[in-house]
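Q: Below is one structure. I have some questions about it.
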Amino acid sequence: MGHEWIDAEREFKWSEDVKVESEVTEIVLVRHGETTWNAAGRIQGQIESDLNEVGLKQAVAIAERLGKEERPVAVYSSDLKRAKDTALMIAKTCFCPEVIEVPDLKERHVGSLQGLYWKEGAEKEPEAYSAFFSSQNDLEIPGGGESFDQLADRSMDALEQIAKKHKGERVIVVTHGGVLRAIYLRITQASSAGKLLNASVNVVHLRDQKWIIDSWSDVSHLSSVGFLQRGFDGDAKP
């Protein structure tokens, strides 16, 4: 059997004309630190709730972790206070001059469920509670709430705009459990996103116009601080 010879010079010249390493944009998605309402089991939605003592410690811990990694070119945040407070801590440690607020990164509006305790949602607002856990993605939650599709559309649009502005760069985005769940499900087309933990690190890459999950729900930096094991789970009723 004869050998197949390769023209090495031709092969080398061809490879020079091809970009072997695709440009990768890295977005580090962070869920805000624990709040008073998280700890109490209350449904926040778009209602403001402050970071509690544990949440403040979590913000410090995640800021210290990210400060030791590759420096981001920018820090973005939801315009809700719990996310902004977490983002400000990260920005300071990562030597970023400001936190850029993006309203479309805010938590899902969950209608008449907002302000209730999870344990009373099914009894006090059965229609809204059912809509929240429904697999019908275009179903809006009664009381002015958003459908899953509305949440996912604005969340992914915000992510796309950030990635477009920072091609080939690394940025940090601080947001919410519902937004993280929507992003995960849109990217993976999975049926469940599992638990979204406070102050978790979730990394996504955009390469060749395709989103890829690099790592998800990493809380290794919280070993000495602790976190709510139940997290946020929009797929399972409490």
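Backbone N, Cα and C define each Cβ position, glycine as well.
According to Swiss-Prot:
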ACT_SITE  HIS32  active site, tele-phosphohistidine intermediate
ACT_SITE  GLU107  active site, proton donor/acceptor
SITE      HIS176  site 'Transition state stabilizer'
Q: Using all protein chains shown, find which of the recorded positions HIS32, HIS176 scores highest when you count other CB atoms within 10 A of its CB.
A: HIS32
Q: Measuring Cα to Cα, how many angstrom lie between HIS176 (site 'Transition state stabilizer') and the residue listed as 'active site, tele-phosphohistidine intermediate'?
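A: Cα to Cα, HIS176 (site 'Transition state stabilizer') and the residue listed as 'active site, tele-phosphohistidine intermediate' are separated by 6 Å.
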Q: Distance between GLU107 (active site, proton donor/acceptor) and HIS32 (active site, tele-phosphohistidine intermediate) at the Cα atoms, whole Å?
A: 11
Q: Tell me whether HIS176 (site 'Transition state stabilizer') sits in a helix, a strand or coil according to DSSP.
A: coil
